[in-house]
Amino acid sequence: MGVFHIVVGLGNPGQEYEKTRHNIGWRVVEELVKRQNLSFKIDKKAKSKVAFKEKLVFVLPLTYMNLSGQALSYLLQKEKCSSKDILVILDDISLPLGKLRFRPKGSSGGHKGLESIIEELHTEDIPRLRLGIGPLPEGEQLADYVLKPFLEEEKDKVEEMILKAIQFFECLQKEGIEIALNKLSA
């Protein structure tokens, strides 16, 4: 089995949010599921869309971003996992567009979805893959910016970042954390 048991893509449900900056984590998990010819089912108790592959669970919380922890709390109990068995994939305004950063634990960094997960699970020991969507343009409000779609001229970089995130996850599961981190920083 790979490094992680539960892979969560943070985002907001609904078509109006599909292509927004805030939903980049959601898009990565959707693509991971699609590439493995899996499909999502709704798990009402988990308040999520879930897809299973052997001992791996892909999760898209159907709560809005700020309540993402509710979905994970239930799934951790159901799957008998600890917070260290989760990989949360999320957007990060403090990273430049296209940059990826893995952290095994830490604060929410102001990200409301991650903050909800930390609060619900009562720990900061939650591995996460942060995907750069920044920087925040001068004069722009954060809430407005993250809920906007990417600009046309950013789309190639976004697709490249999604691909890098998928490659990182696949390497992580097959070859382990050390090799995946080396490839990520290369």
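Yeah, the Cβs are placed from backbone N, Cα and C, and that goes for glycine too.
Among Y17, Y74, only Y17 appears in Swiss-Prot as part of the tRNA site alongside Y64, N66. When the C-alpha distances from Y64 (tRNA binding site) to the recorded positions N12, H22, D91 are tabulated, the minimum falls on N12. Taking N12 (site 'Discriminates between blocked and unblocked aminoacyl-tRNA') as the reference point, the recorded positions whose C-alpha atoms are within 10 Å of its C-alpha, out of H22, N66, D91, are H22, N66. In this structure the alpha carbons, written CA, of Y17 (tRNA binding site) and D91 (site 'Stabilizes the basic form of H active site to accept a proton') are 13 Å apart. The tRNA site is defined by Y17, Y64, N66, and by the 8 Å test on Cβ atoms against their centroid, the other residues of the chain that qualify are G11, N12, P13, H22, T63, M65, L67, G113. It is 11 Å from the Cα atom of H22 (active site, proton acceptor) to that of N66 (tRNA binding site). Annotation note: D91 (site 'Stabilizes the basic form of H active site to accept a proton') sits in a strand segment as assigned by DSSP.
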